[in-house]
Amino acid sequence: MASSGSNQRTDENSKPSEGENNQQAVAGAGEGPPKTAKQLAKEAEKAEKLRKFEEKQKAKALADEQKKAKELAEGGSKKKAVTCDITEYTSPTGDGEKKDIHCELPKAYSPKYVEAVWYHWWEKEGFFRPEYYDEHPPSNASTPRKSFSMVIPPPNVTGYLHLGHAIMCTLEDTISRWHRMCGESVLWVPGCDHAGIATQVVVEKKLMREQNLSRLDLGRERFLEEAWKWKNEKGDHIYEQIKALGSSCDWSRKVFTLDKGMSYAVEEAFIRLHEKKLIYRSTRLVNWSCTLKSAISDIEVEKTELKGRTL
């Protein structure tokens, strides 16, 4: 009996407690199985790559700091230098004189600087007149010399030019300059169109807005004076816009469609057509405007489908 009890107590004392079991489990997990030589070599390789990467990052950061310090020492970054650079041509050049290109030039492209003054010199020298190249024939001129002429589609004097006119002038200018480069005698004629009823409507609206008067209140003569005043204002501005685009037009031949010579040419054309019986007077339906109290052309009519009577 005594021996049995002592054995029991010995067995209970020999069993490890729960805390001891947990400590042994954690220790076993931390140690793990021994690593192979291949695994150790791989870990060493990763550590070496990480060390090299950190060295590169430190070198890059140091180089950036040195670069910033150098820029500050030189008086600012390149961006600031470009912003503070000259953008307009300010050298004293007389009207029609050749541009002085021996002065300080902008570091970046500046349209205002590049385009200034040149056009007045081109115009004064007569580079856009066909006679100039007759007196100064280019080396590639053909014999007999070819000719090329074109008339600008005259913009209406109802207002200023828009983007469509800019595209038109650019394309026609490209064609004209290409023919000059081919050694041909080139004439590009500029001008404006009176636009007839369209201009009349614009002037009428202006009179009503500014003076609260209609064309009937003014009378024919005074209304024509207002129309010509409008034409001179808008027409001159249109010509300046065309020049600002660098268009190589011969301005000694500019034409307005109500100039005396043009009006005579229109009358002469109609007389010849009548004499050849290609046009004649007859009874026909016309487009009558109750507002304008005048017949109008088909292009000025807005057609509307009616489902029934309007009266």
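Glycine too: its Cβ is placed from the backbone N, Cα and C atoms.
Just so you know, TrEMBL annotations are computer predictions that nobody has curated.
The feature compositional bias 'Basic and acidic residues' is assigned by TrEMBL to 9-18, 40-77. Marked as domain 'Aminoacyl-tRNA synthetase class Ia' by TrEMBL: 118-306. According to TrEMBL, the feature region 'Disordered' maps to 1-77.
Here the compositional bias 'Basic and acidic residues' (40-77) has no Cβ contact under 8 Å with any residue of the same chain six or more residues outside its ends.
Here the domain 'Aminoacyl-tRNA synthetase class Ia' (118-306) returns a mean pLDDT of 91 for the predicted model. Note on the compositional bias 'Basic and acidic residues' (40-77): DSSP counts are 34 helix, 0 strand, 4 coil.
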